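All remarks here apply to the structure that follows.
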């Protein structure tokens with residue numbers, strides 16, 4: 001028991017743990033250190049990168065809504081969330097375990113570890129894309145899908161593969177805290193995407209298919225840019241490598257990746273399956289309307305995702321160097337700061353909501369106010385959940401998180417399938433919000449239990465925690 005706690009809960013240095021300080025004093029001191037530290041620069045860069053990406057996604061959605069119509073935007077969303085499933089699975093199987101294990105190694109070993117895994121994963125992604133492409137081709141040949149639908153699915157398969165490669169490049173830079181290079185690569189992606197989307201909405205044919213291809217093309221250009229700006233840095237794919245060495249890395253990642261992938265895939269079902277529920281029970285236009293309202297909360301998402309992309313490597317580092325109490329204190333301050341910013345934005349959004357929907361989006365959305373309130377609650381739950389999950393992942397709590405994700409998905413799907421026939425579109429968001437709240441309560445209880453174990457070990461065997 002104590003050995004396990006010692007692995008994940010290294011005690012704080014004496015300068016921090018001395019005499020018991022007042023909680024407010026400790027919090028203020030921690031906040032001052034964070035504000036002027038390298039940590040603030042890293043997270044600030046992550047937020048800037050995510051701000052660019054979120055702004056680009058907002059423009060993409062806005063252009064499709066205004067110039068292609070709700071139906072085309074709805075089809076685009078359905079393909080987009082399918083690609084999100086692929087990135088979620090890769091993030092859990094590869095990026096998550098790599099972010100936990102790589103920072104524990106010296107810089108040179110860390111860089112090589114990331115490079116070897118990235119080389120293997122590129123090959124696996126190519127194989128996956130080839131297999132998935134057979135589905136639309138076979139469906140069209142069998143007469144199951146029209147040429148337009150088969151083309152949309154094929155575009156999703158190709159673009160999904162390129163998005164996976166781009167996410168590998170981004171994670172390599174994130175693990176190495178190469179924020180400046182990350183901003184450059186994301187800048188290339190954003191400029192390319194907006195240029196191609198501008199062409200997609202005026203091109204002949206289905207705008208949804210062209211928009212999906214635009215995402216894939218921009219992702220491919222971003223991967224090329226990453227190779228140009230960091231050819232010898234972290235994430236550079238080696239021409240050769242010891243197969244035994246690579247296999248050893250995969251074996252170390254596998255116990256973490258299995259449960260992380262299960263949990264992340266289940267969580268995707270909880271958080272994204274409402275799109276398919278709406279499409280099957282109501283219509284593709286309902287998918288477009290619900291996502292158009294969600295689009296208005298993009299700034300909250302960019303804050304959460306911008307911090308989240310930098311959180312796991314840094315949470316693992318804080319846990320390893322400073323201990324669990326210090327990690328949790330920093331995360332609580334982070335949650336409080338994000339909540340304040342979220343509430344300020346929501347107040348402004350509520351005042352401007354009609355102008356945004358009528359004049360900016362040119363959209364007539366049924367039950368828009370109730371949809372906005374429900375999405376706001378969902379966003380607040382998701383913000384706290386995503387930050388607390390960083391601590392749980394840093395402590396390698398993958399199996400409990402997988403079970404918790406399963407419970408949350410059951411709650412979400414149950415509420416969704418009951419709510420949509422009764423309440424329409426709001427029922428889908430009620431389901432996803434109920435799942436988020438279930439996960440938030442569960443992960444809070446898990447972390448409280450881990451803190452109690454740490455405190456008990458500290459009180460009973462302080463010398464074992466100090467070692």
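Any Cβ shown, glycine's included, is placed from N, Cα and C.
Unlike curated records, TrEMBL annotations are generated automatically.
As annotated by TrEMBL, transmembrane segment applies to 42-67 (among others).
The feature transmembrane segment is assigned by TrEMBL to 73-102 (among others). Listed as Cβ neighbours of the transmembrane segment (73-102) (distance under 8 Å, sequence separation of 6 or more from its ends, same chain) are residues 61, 64-65, 110, 113-114, 117, 121, 125, 128, 152-153, 155-156, 159-160, 163-164, 167-168, 171, 174-175, 206-208, 211-212, 215, 252-253, 256-257, 260-261, 263-265, 267-268, 272, 275-276, 279, 283-288, 291-292, 312-313, 316, 393-394, 396.
Summarising the annotation, TrEMBL assigns transmembrane segment to 123-142 (among others).
Listed by sequence, the residues of this chain that lie at least six past the ends of the transmembrane segment (148-169) yet keep a Cβ under 8 A from its Cβ atoms are 75, 79, 82-83, 86-87, 90-91, 94-95, 118, 121-122, 125-126, 128-129, 132-133, 135-137, 139-140, 185, 189, 205-206, 208-209, 212-213, 215-217, 219-220, 222-223, 226, 235. The transmembrane segment annotation in TrEMBL covers 148-169 (among others).
If one looks beyond the transmembrane segment (181-202) by at least 6 residues along the same chain, the residues whose Cβ comes under 8 Å of a Cβ in the stretch are 45-46, 48-49, 52-53, 55-56, 59-60, 63-64, 67-68, 166, 169-170, 173-174, 210-211, 213-215, 217-219, 221-222, 225-226, 229-230, 233. The transmembrane segment annotation in TrEMBL covers 181-202 (among others).
Marked as transmembrane segment by TrEMBL: 296-319 (among others).
Summarising the annotation, TrEMBL assigns transmembrane segment to 331-352 (among others).
If you look up TrEMBL, you'll see 372-394 (among others) marked as transmembrane segment. Among residues of the same chain six or more beyond the transmembrane segment (372-394), those with a C-beta under 8 A of the stretch's C-beta atoms are 96, 100, 260, 271, 293-294, 296-297, 300-301, 303-304, 307-308, 311-312, 315-316, 318-319, 327-328, 331, 334-335, 338-339, 342, 346, 349-350, 353, 400-401, 426, 429-430, 432-433, 436-437, 439-440, 443-444, 446-447.
What TrEMBL lists as transmembrane segment is 401-420 (among others).
Sequence annotations record features per position, and here TrEMBL assigns transmembrane segment to 426-447 (among others).
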Folded-back contacts onto the transmembrane segment (331-352), same chain, C-beta under 8 angstroms, at least six residues removed: 27, 30-31, 34, 296-297, 299-300, 303-304, 307, 315, 372, 376, 379-380, 383-384, 387-388, 390-391
